[in-house]
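The feature active site, phosphoserine intermediate is assigned by Swiss-Prot to 62. Annotation comment: Swiss-Prot describes 12, 62, 441, 442 as Mn(2+) 2 binding site, evidence class sequence analysis. Annotation source Swiss-Prot lists substrate binding site at 123, 153, 154, 185, 191, 260, 261, 262, 263, 333, citing sequence analysis. Annotation source Swiss-Prot lists Mn(2+) 1 binding site at 400, 404, 460, citing sequence analysis.
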């Protein structure tokens, strides 16, 4: 007897907009998808900003999209999680951060706040630094010093003065905190073991040695006169009465407030590792806190926001209930339907089979917009005929990968290819009396023109994505959904109760 499979097709980068210019989705000849929209229930889902745990107005991406779909709940990204905890007030009770506070109190020592002084939101956010300064004030810590790393990459190249003045005004108003050093991120945030760069930053922060200035702005302006933009500002020590304002010493507390790990590891190791061979330096006895987990092998470190383990993701829960599942995609999106869909877990669940179709070897995908969608489809049809699987997760990479090239005609061809493949799969699923859900993880190829400049746009969008429900017994769908609502919908079709960890809600009315 044939199983009634529940098949989720993720058309990567297939968003929806009413705009016609630069819209490869609406321009493509796609009889199958058009027919599905006429004949079957469909709705739109939020796939960007707060709907997927990102800051408001931030475009979605494939990692975040698959994480949210697979988790069946909004998965807050580090930036949003920390910002939310400040506004909710939990931040001020954070155990790791309060260890730094208690140590400074107990030893009458200094609290040092290190990180990228920027609203860029890629590695850090200036608002998180303000949260730390506020915490120090609330807990009555008197000696608070900022070691400010200057950005110039995720924000304009010479914009640091604005952020220095912003934080200095904030510290004056709140009544605690001073900037002790400034360093361009080129030195402070290396990630390629260029220890000679890191050492210059270390020397300023720990030894009080480097370029000298009477204020942070003075140090910055000197750098500008030497034609060095923010990123390349030489590590500089701010003096008070001819001496460094502050340097990291034994028994001090350090909080590194970058949330993205890759460029925060090296300086952390240089300051805090007991055994270190990057350059010669003394070992310090510190209370050292990192905003997120920079590396699981770091010792003597407290983590303020440790990684969350997502229990009962869709794949794990279906597996626990004895069901069989298949994940299938070509190379470009294989990690997304496996690792990210499973909440950042590499190991397959029990009863989870995986099929990887190699992506074509071309320089850019506009040269082969069909990619290997036909091979993915053929392989899936074969597997469906085995009548083994209760659930299938499939990704077509074309609308996203070809959308990124900015070549409109190629993106159109990509959509047409996917339409052909969707048609074949839907027919097979209906033949087996199964259900096909068709959606996307984020937008891209529906908006290939930057409307403000008229130039090609290669980025993702903040547009909603479709959700189509194809079966011999389709029911009505509600409006106002988001990606996290897909897993509960699929579970309903599989007659499985939703686990308590899933906070998404079924889209079926």
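Cβ atoms here come from the backbone N, Cα and C positions, even for glycine.
Positions of Swiss-Prot features highlighted on the structure.
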residue	record	DSSP class
12	Mn(2+) 2 binding site	coil
123	substrate binding site	coil
154	substrate binding site	coil
191	substrate binding site	coil
263	substrate binding site	coil
400	Mn(2+) 1 binding site	helix
441	Mn(2+) 2 binding site	coil
460	Mn(2+) 1 binding site	coil
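For the Mn(2+) 2 site, the Cβ centre of 12, 62, 441, 442 serves as reference, and the other residues of the chain with Cβ at most 8 Å from it are 10, 13, 47, 60, 61, 65, 66, 333, 336, 400, 440, 444, 460. On the backbone, the CA of residue 12 (Mn(2+) 2 binding site) and the CA of residue 404 (Mn(2+) 1 binding site) stand 11 Å apart.
It is 20 Å from the Cα atom of residue 261 (substrate binding site) to that of residue 62 (active site, phosphoserine intermediate). The binding-site residues considered are 12, 154, 400, 441; of these, 154 has the fewest other C-beta atoms within 10 angstroms of its C-beta. Taking only the Cα positions, the spacing between residue 263 (substrate binding site) and residue 404 (Mn(2+) 1 binding site) is 26 angstrom. For the pair residue 400 (Mn(2+) 1 binding site) and residue 154 (substrate binding site), the C-alpha distance works out to 23 angstrom. Neighbour density at the Cβ, taken as the number of other Cβ atoms within 10 Å, is lowest among the binding-site residues 191, 263, 460 for 191. Just so you know, of the binding-site residues 123, 404, 442, the Cβ with the fewest other Cβ atoms around it within 10 Å is the one at 404. Checking Cα-Cα distances from residue 441 (Mn(2+) 2 binding site) against the recorded positions (62, 123, 191, 404) with a 10 Å cut-off leaves 62, in sequence order. Close to residue 62 (active site, phosphoserine intermediate), meaning Cα to Cα within 10 A, are the following binding-site residues out of 154, 191, 442: 442.
In this structure, the residue listed as 'active site, phosphoserine intermediate' is part of a helix by DSSP. Only 460, of the binding-site residues 123, 154, 191, 404, 460, have a C-alpha within 10 angstroms of the C-alpha of residue 442 (Mn(2+) 2 binding site). Of all the recorded positions listed (62, 261), 62 sits in the most crowded Cβ setting, with the most other Cβ atoms within 10 Å.
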